[in-house]
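Quick notes on the structure that follows.
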């Protein structure tokens, strides 16, 4: 009985023992990340690397407004469709925005040669100077420049024509051979446009040009072509059976372009001295213009983000994150978020780092919880926390810096005859996009795995640091906790935390406590052995008495015969 009381007293006394636990921070975060081995791991802190939002507007880029073509196409704008007159004064822009199906393109039907290439060239132009290459009133004294209008290019209810081209017709019943040249003295590339008229019948050809065998010749250092009108009846388009084919060339600085014709020339009126700029482009978008500034524009809307990746749209203009097909790219910076079930004993003991983290420790990632006669409390290990924060911050910044190559990515232009090339280009682009997406996702998975392992290692190192200081002055009780064999006041606890614990100072007290506990264990062990022997003997006696009683009863009623032979 005395031994039992000692055991109970020992257990009750142990409850009052001073303890220190090593643990880590937890909070109410619901952020989840993926690693190589796990999905949807809840963590205390993380950073998002993927931008998935936009404002739905067309915005200025670096303070410069875009050229919004509205109901006009690039062709209608550059040729001077009279319905696009509001655009003629625009000479600089950050990018060009065209709607998917603009109404005002080539008002007089015909073929626009190398149109996709022209769009590609204009996509790298951020401004131009629109100037008269051949002034209307003085360049063509032997030809009429006012009668070349058509109802298909009407403006305000009246027949009109392109504002950058002149339709030259006969004058006084004659169409003399013409020869006109221009020397590029702009010190920039000059875009020159012209056209060739193809009447629907010979009557129109004679009436307009007074010749049946017309030609148009255009020559420069890098361009040389002779055109012959094709007179034929064609299906009506915009109420026209005739056609005008449109052509263009880029004239280098100092180069000369020469026009010769005896009919059917749609002559240049205005040309454009081009200024190319990095980051410009042409996008197709239904978004409306907004009062906003941005660094990155997509057809869906503007993106204001410094993140390295985005999944808004593959076509971008400006300083834009790289497009990937991922739906989630989140990099962990904190720890696994597993708040402990804070079941508290008589003195508020809580679980250590094995069972979960501490929501009560808010000033660090790793730290301690102690309890003694003076009370209990949390304390972060500032040094290990700061080292971890610095290391992870540097890693995240390095990843973002390496992957954050911001650039413009505009779509390539192909005509209807280049569908196979376009399909091949799409497959190549899709392949690159898949590689980028895979690389981005793999990078995040690997870094998340390393970061969580890094945190686990830091907690373990902190535990080993305490264990190496305490040695046999305390015992491990699991869950990251140690129970002291001696009294450990707040000053003692602080010395453990900062690594200055004086082991010899407490070793004698700890030794006596250990011997006392070991003695109680031995005494209680002897009592339990006596009780076990007593129980075994008593059970055997009861069994023998029972067997004797049964045998006597069976002999008395004749069920069992007993013979004793001498």
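Positions of Cβ are set from backbone N, Cα and C atoms, glycine also.
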Candidates are 498, 557; I want to know which one Swiss-Prot annotates as N-linked glycosylation site.
498
How would DSSP class residue 107 (disulfide bond) in three states?
coil
By a simple count, how many Cβ atoms lie within 10 Å of the Cβ of residue 104 (N-linked glycosylation site), its own Cβ left out?
19
Spatial neighbour of residue 177 (N-linked glycosylation site) that is closest, considering only the glycosylation sites 40, 104, 304 and their CA atoms:
104
Mean pLDDT across the topological domain 'Extracellular' (18-529), rounded to an integer, is what?
88
May I ask which of the recorded positions 27, 59, 142, 498 is closest to residue 286 (N-linked glycosylation site) if we compare their C-alpha atoms?
59
Of the recorded positions listed as 28, 40, 142, 304, 492, the one whose CA lies nearest the CA of residue 72 (disulfide bond):
304
